[in-house]
Structures are given as structure tokens and as C-alpha cells.
């Protein structure tokens, strides 16, 4: 995640022997929060994937997108250990040039992929609510699988320049084994590729955010008008359904904006920052990093809180596993008991 490769130390090397970007009293709580987010995000997203694949009633086209997005969010956390290491000791970078490029490329790819999934599933919901008859014939599971593959392919290609922009290098005149850093390569950044990728990332966020605002506005208007046209009890039921849907959409959009906006603003600040804003951008990017990983871990929590179908599917799967475990234990105890009886019988013969 190249916001985190923006963490840097521009002081004189002779004045900085700790090679740490922040004080310990800041790093300790950040590390604890990051570890909690790691386990919460990985376990939550993996559980989401299992629920959407195993539960028959959850195998919808929308949940196919959400399952793929959960995979993307899970892969994002592969870069967290590297980010934490760099916060504690930004040089020398011990993981090598390949892993430096790989972690940043993977995180950037998954960032794009998650944004595209959120936007695409919102477009599908717009057609399903505003054009239900057309959506039934157009939106099929087979086509959704093709769209998901296209989203991943687009993300992989768009993030491709990251492989050339970042790597491990050391300042001239320094010992490589002591000063290797995973960062943007200066000679490549001077070509304008850094600014270009900053703009690509910015467009990747703000254009979908505009589309989400527009789509959900149209969806809310459609639901409102549909509720007004329904008479009597149906109107009350439609209004309740409308309110629940609006709340769900509002929470999804709000979580997306709050968790991802600082991440992208931090990139712009870094690309434009001068030495005067150095401390500001460093601490801002630290907060943005935590919010970014929070955004990758919060979706399963939202599903669990706001979807009774998700909760029911989770409880069924957990109950099924518990039942299988009990049956397996009972079977093993029965075999053990029969074996003991047989041994006792043979000893008396």
C-alpha cells in the first residue's frame, strides 16, 4: 500500500540511529490496533466467504460480488506485517526487493478491486430496484462470474506500473546492508510515474464515490415513490422496508467514505507536500493506514449487524459444525468402549 511507502525519514542519517519513524509510545498502540484489525479482518472475511459459498439461500448474484470483495479484503492484510515492520524500523528492509514490490502491488490491486466491486454491486442494485423486469433477464450468475473476472483483470492491469515504481534501494554513499529501503525509486518517480499513479488512484476513488452517491440517491427516490403508491397496510410495510434499505445503503456508503477518504487524501498530501508539512503528512498517513485496514475488516461486521439472513446462515453453519463434532466424538467414544469390552472379553476366555 504505497501510502505506507510514503512514510519516510528525511533527516540526516547521523542524527537518526534508531531508524524508527515514530516514538515507541505511538508505535505500541498502533501495533496493537493493527494486530486486532488483522485477526478481525482475516477471520471475518474468510467466514463471509464460507457463508456465501455453503449457504444455499445466500448464493445470490449480490453475494457473489460480496464474496469476491471479501477475498480482496483478506489479501489486503498480507501487506500489514510488512507495514508494521517499516513503522518500527524503516531500514534496512529485510524482506528483499521481490516482496517489497509484491506487497505494494497486491495491496494496490486489491484496493482497486474492492472499489470496483462496491461500485459494480451498487449498479446491479440500481437496475434490480429501478428496472426489475430487465434485471431478471440480464443479471445472471454466469454473467456475474464474468464481470468479477473482468474486475480482477482490470485491477491487476491498472496496478501494473507499481511494479516499476517501487522497490528496494539505498542512498548513494551508504552501505546497502544497513540502508535498504522499500520506497518509490527516485529515478522512476522523476519520470512523472508517481504523479500519474497518484491521479489514477484518486480517480479510482472519487469517481466511484460520485457514482455511489448518484446511484443510491436514485434508488432512494425510487423506493420512496414506490412506497407512496402502495395503499393501506402495504404502504406501511413498504415504508418500513424503504427505511431499512435506506439505512443499509447509508451505512455502507458512510463506512466506505470514512475509511477510504483519508487514505486517498494522504496520497495527495504526500505527493504535494513540502518539508514544512512533513510531520503533518506522516501522522496523517499513520491514521489513514489504520482507517484503511479498518475499511478492509468492517464489512463482515456490517453484514452481521444489519442482515438477519447473514446471521441465520452463520448460526446454521456453526451449529452444523458443532453437531458434526459431537457426532464424531460420540462415534469415537463408542468405538473406544466397544474395543475395551472386546479386550475384556478376550482376557476372560
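Every residue, even glycine, has its Cβ placed from backbone N, Cα and C.
Residues or ranges marked as domain 'G-protein coupled receptors family 1 profile' in TrEMBL: 44-303. Taken from TrEMBL, the feature transmembrane segment applies to 26-52, 64-82, 102-123, 144-166, 203-224, 245-263, 283-306.
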Cβ contacts under 8 Å made by the transmembrane segment (26-52) with residues that lie 6+ beyond its boundaries: 20, 58-59, 63-64, 66-67, 70-71, 73-74, 76-77, 80, 83-84, 87-88, 286, 290, 293-294, 296-297, 299-301, 303, 310, 313-314, 317
Residues from the same chain, set at least six apart from the ends of the transmembrane segment (144-166), whose C-beta lies under 8 A from its own: 2, 5, 61, 64-65, 68, 100-101, 104-105, 108-110, 112-113, 116-117, 120, 124, 182-185, 188-189, 193-194, 196-197, 200, 204
Other parts of the chain folded back onto the transmembrane segment (283-306), taken as Cβ under 8 Å at six or more residues beyond its ends: 1, 3-4, 6-7, 22, 26, 30, 33-34, 37-38, 40-41, 44-45, 47-48, 66, 69-70, 73, 76-77, 80, 83, 87, 114, 247-248, 251-252, 255-256, 258-260, 262-263, 265-266, 269-270, 314
